[in-house]
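First up is the structure itself, then whatever we jot down about it.
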Amino acid sequence: MATFSRQEFFQQLLQGCLLPTVQQGLDQIWLLLTICFACRLLWRLGLPSYLKHASTVAGGFFSLYHFFQLHMVWVVLLSLLCYLVLFLCRHSSHRGVFLSVTILIYLLMGEMHMVDTVTWHKMRGAQMIVAMKAVSLGFDLDRGEVGAVPSPVEFMGYLYFVGTIVFGPWISFHSYLQAVQGRPLSRRWLKKVARSLALALLCLVLSTCVGPYLFPYFIPLDGDRLLRNKKRKARGTMVRWLRAYESAVSFHFSNYFVGFLSEATATLAGAGFTEEKDHLEWDLTVSRPLNVELPRSMVEVVTSWNLPMSYWLNNYVFKNALRLGTFSAVLVTYAASALLHGFSFHLAAVLLSLAFITYVEHVLRKRLAQILSACILSKRCLPDCSHRHRLGLGVRALNLLFGALAIFHLSYLGSLFDVDVDDTTEEQGYGMAYTVHKWSELSWASHWVTFGCWIFYRLIG
C-alpha cells in the first residue's frame, strides 16, 4: 500500500472499496426503504386505524422475511409470547416485570443453544427491538403512561413497525401511534431522510475501507519510524495499540452505519418527530459519532453510542434497579444490554468492563469536581452550576486528560472486534480464549488503569 502513488491509491480506493461497498449497501436496503415509503403513503389515505396497524404488520413481516427468510419465526414466536403474557396479566400492576422475566427466559433458552448459534445471532437485532418495545410498553402501562392494553393488531403493529423492525431504533408506543396517523410529507422530512441515508453510506464506506485501505495509507509515516526503532518491545507495543485503535474505529463506524440507517428508515416511515408551533421537526437522533470519537468521558461515549437504547436502559432498567443500590443498578443495566445484544463471552467482557470503567470514572470525577470546585464532571455542567472554576486552563487540561483516557479505553475494548476475523467466527461470537489473548497482548492496561483510578478515588475520599 505504501508503494502506491497518491493517484493510484485513490483510484484503487474508489474502484476496490468505495463503489462496490455503496452498491452492495444499496442493493441490501433499497427494498426496505421502498416498503417504508409505501407504508408512509398508505397511511396518508385516511384508512381506518386497524388497517393502518395491519399494513405495518404486513410490511414488517415482509421486511423480516427479506432479510432473514424463515428464521424470522423466532421473532414471531417471541412477539406472540409477549402478547400472551400481556393479555394474561392485563389486570396486574406488574406487567413490565412479567414481560421482562418472560423475555429473559426466552433469550436465555435461545442463547443456550435451543437454536443454532449462527442463526440465533443473525436474528438478535430484530429480537432486541421486539423485546425492548414489549418491556417498555409493559412498564408504561404500569405507570399509566399508556391508558389501556392495546388490541392484538395495535400491539403487533407497534412491534413490527416497518421503520424499526430490522435495524431499529427503539421507539415508544406513543411515537408509533403518531407515525401511523400519516403526517403530511414535507421538505424537512425528505431532507432528514436524505441526510441520514447519506451519512449511513459514508459510515459504511469508512467502516469497510478503514482496515484494508485508509488506515495503512495514513499511518505508515509513524509506522516506518516504529520499524526503525531498535527497541523491539516498544515497537511491538505501539503496533499492537495502533491495530487495536484500527479495529475500534472500524467497529465504531459499523455501529454508526446502523444508527444512521435506522434514522433513515424510521423517519421515512413517519416516526421520529416533535411537534413545533407551526411545523413538525424531524429530529430523530440515534448516534452522535463526534461524542464517541472525541469524547469528554466514557459516560458520554455510552450515552452517545445509541441514544434511544441509552434512554430505554436508563428509564426501564436502571431506574427500576436503583432499589438495589447505584453500583448494583449499573451492573444490572449492563447485564440487560449484554443479553439483548446476544450473550457471548467477549461482549459480556466488554460490557462488564464498561460498567466498572464508567462507574469509577463517574465517582472519581465527581469527587475531584467537589474538591477542586471545577467543571470536570463526566457530563457537562449546566450554565448555572456552583463550581468556581469553569473554563480555566486547568479545567480544560483535566477534561482533555480524561478525554484522552476515554480514547485509550475505547481502543482497548475495541481491540476485540478484529477487522481480520472471518464472518463465521464473528456471527458465532468470540470465545474466552480469544478475549484473553487480545487483552493480554495489551497487558490488560485498561483494567489496571481503572483499578488505579479507583484506588486514587478511595485515597482522596
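Glycine too: its Cβ is placed from the backbone N, Cα and C atoms.
Just so it is clear, the model here is predicted, and its values are computed rather than measured.
Pulled from Swiss-Prot, these are the features on record:
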ACT_SITE  HIS341  active site
TOPO_DOM  1-17  topological domain 'Cytoplasmic'
TOPO_DOM  39-66  topological domain 'Extracellular'
TOPO_DOM  88-95  topological domain 'Cytoplasmic'
TOPO_DOM  117-152  topological domain 'Extracellular'
TOPO_DOM  174-198  topological domain 'Cytoplasmic'
TOPO_DOM  220-252  topological domain 'Extracellular'
TOPO_DOM  274-337  topological domain 'Cytoplasmic'
TOPO_DOM  359-396  topological domain 'Extracellular'
TOPO_DOM  418-461  topological domain 'Cytoplasmic'
TRANSMEM  18-38  transmembrane segment
TRANSMEM  67-87  transmembrane segment
TRANSMEM  96-116  transmembrane segment
TRANSMEM  153-173  transmembrane segment
TRANSMEM  199-219  transmembrane segment
TRANSMEM  253-273  transmembrane segment
TRANSMEM  338-358  transmembrane segment
TRANSMEM  397-417  transmembrane segment
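Contacts of HIS341 (active site) defined by a Cβ separation under 8 A and a same-chain sequence distance of 6+ are given as ARG124, MET128, LEU347, LEU351, in order along the sequence.
Here the transmembrane segment (67-87) has Cβ contacts under 8 Å with residues 32, 61, 95, 98-99, 102-103, 106, 110, 115, 119-120, 122-123, 126-127, 130-131, 134, 137-138, 149, 152, 155-156, 159-160, 166 of the same chain, all six or more residues outside its ends.
Among the recorded stretches 18-38, 96-116, 153-173, 253-273, the one sharing the largest number of Cβ pairs closer than 8 Å with the transmembrane segment (338-358) is 96-116. Using a Cβ-Cβ cut-off under 8 Å and counting only residues 6 or more beyond its ends in the same chain, the topological domain 'Cytoplasmic' (88-95) has close neighbours at 138-139, 141-142, 149.
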